[in-house]
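Q: Right, I'll just put the structure down here and ask away after.
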Amino acid sequence: MNNISNRRQPPASLAPRDLAALIDISAVQAFHTEADVRELAGIAVAEGFIAAHALPNFVPLLRSLVPSGGLTLVGGPVGFPSGGHSTRTKTAEAVELAENGAQELDMMINVGRIKSGDFGYVRSEIRAIVEAIAPVPLKVILELAHLTDEEIRAASAIVAESGAAFVKTGTGWTPSATTLEKLKLIVETVGGAVEIKASGGIRSLDAIAGMMRLGVTRFGINTQVAVDLVRQCAALPGGRLDIAGKAG
């Protein structure tokens, strides 16, 4: 669809603060509590993570805990985690989240419609939500574990054509980790037309560096793992993660 050469080139290396500025952390599992959201906000602000996401009912609380105008954005999920909600329901949820202070939204794509080949429905849904919440950016989650390679290509193309800011690999609700092989399918499809967020099973600096070389510009990482990775980056020679070569 798009020439891969149009992708933004990654930096040669990252300092710990630069790494944190590429990572979203979240408390979006069903069991997460108010205390978890408060802890999330504290960690996100202290460490300089680019975004903190909470389930919709906790977004107003999260917004109140994260200083406006700081390094950390507040986000929330739409149609989460199945993606099977109606377009009207998803749109209403997205608008409410934006009104409650969410600065970016991660929406689950309608996997069933993708697998049914109903691409027009999916395209129209994404466009409707993008328009309803503008200028708040929308990331669209594919949940790669549920899609074939051809479905990944088709879904990625739809996202790139629909005005979303990012295509995202997964919700973190499935056990499958994001792989370089699956990411390549997305990159080959979207080129530089849309940014890519990798989420799910990312646990090493080597994985981050490899994904950045492919074109990934944002990561969704378990909170404690994210903190540990920033610490590991600081402990590398020169205190920087080498993206051009290998980590450490």
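Residue positions begin at 1 at the first shown residue.
Glycine is no exception: its Cβ is also placed from the backbone N, Cα and C atoms.
A quick note: this is a predicted structure, and the numbers were derived from the prediction, not measured.
What Swiss-Prot shows for this protein is this:
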- Asp106: active site, proton donor/acceptor (ACT_SITE)
- Lys168: active site, schiff-base intermediate with acetaldehyde (ACT_SITE)
- Lys197: active site, proton donor/acceptor (ACT_SITE)
Q: Which whole-number value in Å describes the distance between the Cα atoms of Lys168 (active site, schiff-base intermediate with acetaldehyde) and Lys197 (active site, proton donor/acceptor)?
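A: Answer for this pair: 5 Å between alpha carbons.
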Q: Cα-Cα, whole number of Å: Lys197 (active site, proton donor/acceptor) versus Asp106 (active site, proton donor/acceptor)?
A: 10
Q: Counting only residues 6+ away in sequence within the same chain, which have a CB under 8 Å from the CB of Asp106 (active site, proton donor/acceptor)?
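A: Expected: His53, Gly75, Gly76, Pro77, Val78, Phe80, Leu138, Lys139, Val140, Ile141, Lys168.
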Q: Least buried of the active-site residues Lys168, Lys197, going by other Cβ atoms within 10 Å?
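A: Across Lys168, Lys197, these active-site residues, the one with fewest Cβ atoms within 10 Å is Lys197.
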Q: Work out the three-state DSSP category of Asp106 (active site, proton donor/acceptor).
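A: Asp106 (active site, proton donor/acceptor) sits in a strand per DSSP.
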